[in-house]
Amino acid sequence: MTDVTDLAPDRLELGEGSRWVADRVVLVDIPAGRLLSAPAPTGKSQPLTELAKLPVPLAAVAPIAGQPGAWLAAAGTGFAVIDERTGEASWLAAPQPVTDRPWRMNDAVADRAGRFWAGSMACDQSPRGGALYRLDPDGSVHTVLRDLTIANGPAFSLDGRVMYLSDTPLGHVDRFDVDRATGELSNRRPFARIDPEHGSPDGLTVDAEDHVWMALFGGAAIRRYRPDGTLDRVVPVPARQPTSVCLVGEHVVVTSSQEGLTDPGPHDGAVLVLHEGTTGVEALPARVD
């Protein structure tokens, strides 16, 4: 196994949404509603800093262009701006539900135009209870895809022309063409299909070589794929349920979950750091006009 260290001594219930922003890593603990940060990896484990705690599940954030310390969040059943200086959230918009069951927002990311793409899921993970939404800089909310189960890991190619999206319980990762001017999606086709015995595709990210990294929830591993969908490498990790991958310079940061485990091990719920000789890119900012 690749040498693995802890970014922090903390153990989270459901760590997710890790992002490289300037000189730090920002992430969330979804059910606890916590926005957390740590210095970029240095080889020394330091406790996570809590930037905010919401009364609803906090699924993912993106930095907001031109507003240092402000984060656009997919949280609860809507979108909010979090001010890390006060820890307070200002609610912006709520998308149209696609299920009559209790539901929540899930993984989210900004694209090069500042649009904020967020998945959703039914809280009981019922089939077709999730969607993919897009919050545009003008505040309008669009339901982009329906009939998903757990929409996870939106990620974009370096040129912004391709979006990758996983539907975790189905083991599917699809790719779409993106109209960079409008955000419209087209030409959906398979990118990767994961055998359940290897885990389920969770968070995704794209590195500086335009390769796609994937966390395999339940598979105790992360994977790197070439842009054509062929598998480049498999990297085991000591956490059974890795949830997101964040490339910070040449470091790979992996969040994990201990949710649902009756016997969590020493690394379950950890934020891990690996050294894979791969260069990452910083998280793109969202725009709020």
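Using N, Cα and C of the backbone, Cβ positions are placed for all residues, glycine too.
Per TrEMBL, the divalent metal cation site holds E16, N152; the candidate it also names there, chosen from D111, D124, D195, D202, is D202. With the fewest other Cβ atoms inside 10 Å of its Cβ, the least crowded of the binding-site residues E16, D124, D202 in this structure is D124. In terms of C-alpha distance, the listed binding-site residues R104, N106, D124 place N106 closest to D202 (divalent metal cation binding site).
Put simply, the two farthest-apart Cα atoms among R104, N106, D124, the recorded binders of substrate, are 13 Å from each other.
In this view, N106 (substrate binding site) is surrounded by 26 other Cβ atoms within 10 Å of its Cβ, with every protein chain counted. For N152 (divalent metal cation binding site), the nearest neighbour among the listed binding-site residues (R104, N106, D124), judged by C-alpha distance, is N106.
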